[in-house]
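Peer 1: Right, I'll just put the structure down here and ask away after.
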Amino acid sequence: MSSPHHEKQDRCVVSQAPAVRDFSKEEKELGIGPTSIPLDRYVLEHIPSAVSGHDMPIAVPTLTQEDEDIYRRFTPGRKRLIVAVVAVCSFLAPISSTTVLSAVPEVAATYNTDGTMINLSNALYLIFMGLSPIFWGPIGTVYGRRRVSIVAVILFTAFSIGTALAPNLASFFVFRSLTAYQGTCFLVVGSSVIGDIYKPTERATAIGWFLSGTLIGPALGPFIGGAIVTFRSWRVIFWLQTALGGAATLLVIFFLPETIIKTRSHEFEGLSKVQYARGMWHRINPFRVVLLYRYPNLLITGLASSALLFSMYGLLTPIAYVINPRFDLTTPLQSGLFYIPPGAGYFVGSFFGGRWADYQVKKWVRIRGKRVPEDRLRSCIVAMGLVIPGCMLVYGWSIEKRKGGIPLPVICMFIQGVAQLFCFPSLNTYCLDVVQERSAEVVAANFMLRYFFAALGTATCLPSIQKIGVGWVSTICAAFLVLVTVLTHAVTIWGRRWHDQVDANIEARKQRTQRAREGLEGM
């Protein structure tokens, strides 16, 4: 895997992909080879190496009429419909992660346990949301986005029924976890779908709309759950989830076309069962995804996404526990109203965050004369490093010190919601742009890490608040955000150099291994 963009390159390359790499003997036996971009669309350029400083030849794909045609396969109206469908699907798993928060006492009473155990089920839900991208991302590349979306949405609906009917706590845990595992498919596949149909300079706007579902869902979930448990059984929450899953199934079947240019399923045609199993394991091997974090730029942007989600779930999960005693609220519906401000912020931010990220890309293309993926990250620096930490501090300490009344925390929650939508489109689109031939795996790695941190925030926020108070917990979240912002800014400066250095190390290691192998064969 080579670097798709170079700091010292003196020509404009709009759509980049890696230089052709040597495939292993095992991969060639399985029919696995470079399929993303034909060889006749590469030009040989001499580019100053970020490692040695000397010119080195590298194959760079040029922008051709065929490239333009790829993004013209669907009309603008059809593209918007596709984005709407994947946005609805992306709404399912995140909203299910929080709808039960307002019903924790009722669920605990049904299963003769306490609220801590039910909150652990939410943490487990988020862990499974983090695990599934490393499976669904590669599978979508092999068999196509549409096919895996249909399978996942049907299974999501079926396991939602199981959750609604769960007779005991163990089955409740199992069906919740299985539901989460299917739900994250839409987050990974949806991002990849947008990468398939939109040019790089247009993607963040579409990503902003797509991500609005992933953020509005967790914010509105507790309000919806609170309204339901105030008047009905908590099981109605999961029957509503089942209905949403059924509606999404119909949308996917009838309105989501296949968007990937060429699936990789042909690579497995004519193989024996053993070869097929080996080839499939090569594709879905989770270590392929985890090893992407050898690249510091991918690790840092993954941590940035994680800090945002850690703070979001750290804010949303304990609202009923910190808001109710602060303002003497007595019903789930009343505390559920406090989830509306961040949800409204996410909705408002979806109108502007993606456009702002695309504007920054175009601005830096004019300045540099070429598109560099790291420039997109500049659009989230202020929101992530200043606005959201400031809101977290004011929110936490105003609750801790009982200052400002209801308006102050409400305003803070709204503003941080808007600011989050100025961050996620930039970070998600960077994942699509930076290593285009493995974009689904990069997105999967990012979602895996962020939902592990979301689970950590969900599991630790209440015990932490009980020990050190909501003010200090908010301070920790703010400090985490400031730290990753500094690191993200470093990526905008040195990210490509770091990426090139890792590529050079990998290539050097491959050459040493090859020489050692040749030496053994010559003995």
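Start at 1 and count along the chain as shown; that gives each residue its number.
Each residue, glycine too, has its Cβ placed from N, Cα and C.
Copied straight from TrEMBL:
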- 82-523: domain 'Major facilitator superfamily (MFS) profile' (DOMAIN)
- 81-103: transmembrane segment (TRANSMEM)
- 123-143: transmembrane segment (TRANSMEM)
- 150-174: transmembrane segment (TRANSMEM)
- 180-198: transmembrane segment (TRANSMEM)
- 210-231: transmembrane segment (TRANSMEM)
- 237-256: transmembrane segment (TRANSMEM)
- 298-316: transmembrane segment (TRANSMEM)
- 336-357: transmembrane segment (TRANSMEM)
- 377-399: transmembrane segment (TRANSMEM)
- 405-427: transmembrane segment (TRANSMEM)
- 448-466: transmembrane segment (TRANSMEM)
- 472-494: transmembrane segment (TRANSMEM)
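Help me see these features in their spatial surroundings.
Peer 2: Note on the transmembrane segment (123-143): residues 93, 96-97, 149, 152, 173, 176-185, 187-189, 192, 260, 263-265, 267-268, 280, 283-284, 286, 288-290, 313, 440-441, 443-445, 447-452, 454-456, 458-459 of its chain, located 6 or more positions outside it, place their CB under 8 angstroms from a CB of the stretch.
Counting only same-chain residues 6+ beyond the ends of the transmembrane segment (180-198), those with a CB under 8 A from a CB of the stretch are 71, 73-74, 79, 82-83, 86-87, 89-90, 92-94, 96-97, 125-126, 128-133, 136-137, 140-141, 145, 148-149, 152-153, 155-156, 159, 206-207, 210, 214, 256, 259-261, 428, 431-432, 436, 439-440, 443-444, 447, 451.
Sequence-distant neighbours of the transmembrane segment (298-316) (same chain, 6+ residues past either end, Cβ-Cβ under 8 Å): 98, 101, 126, 215, 218-219, 222, 292, 339, 342, 377, 380, 384, 388, 392, 395, 413, 416, 420, 423-424, 427-428, 430-431, 434-435, 442, 445-446, 449-454, 456-458, 461, 473-474, 477-478, 480-481, 483-485, 487-488, 490-491, 495.
Sequence-remote contacts of a segment are chain residues at least 6 beyond its ends whose Cβ falls under 8 Å from one of its Cβ atoms, and for the transmembrane segment (377-399) they are 204, 301, 304, 307-308, 311, 315, 322-323, 326, 356-357, 359-360, 364, 408-409, 412-413, 415-416, 419-420, 422-423, 426-427, 430, 470-475, 477-479, 481-482, 484-486, 488-489, 491-492, 495.
Cβ atoms under 8 Å from those of the transmembrane segment (448-466) belong to residues 97, 116, 119-120, 122-127, 129-131, 133-134, 184, 289, 293, 302-303, 305-314, 317-318, 321-322, 473, 476 of the same chain, restricted to positions at least 6 beyond its ends.
Long-range contacts of the transmembrane segment (472-494) within the same chain: residues 296-297, 300-301, 303-304, 306-308, 310-311, 314-315, 374-375, 377-378, 380-381, 384-385, 388-390, 392-393, 395-397, 400, 461, 464-465, each at least 6 residues beyond the stretch ends and with a Cβ under 8 Å from a Cβ of the stretch.
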Peer 1: Below 8 Å between Cβ atoms, which of the listed ranges 81-103, 237-256, 405-427 makes the most pairs with the transmembrane segment (150-174)?
Peer 2: 237-256
Peer 1: Same chain only, please: residues at least 6 beyond the ends of the transmembrane segment (405-427) with a C-beta under 8 Å from a C-beta of the stretch. Say none if there are none.
Peer 2: 204-205, 207-208, 211-212, 214-215, 219, 301, 304-305, 308, 312, 315, 323, 327, 338, 341-346, 348-350, 352-354, 356-357, 360, 376-377, 379-380, 383-384, 387-388, 391-392, 394-395, 398-399, 446
Peer 1: Considering every residue in the domain 'Major facilitator superfamily (MFS) profile' (82-523), what is the mean pLDDT value?
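Peer 2: PLDDT averaged over the stretch: 86.
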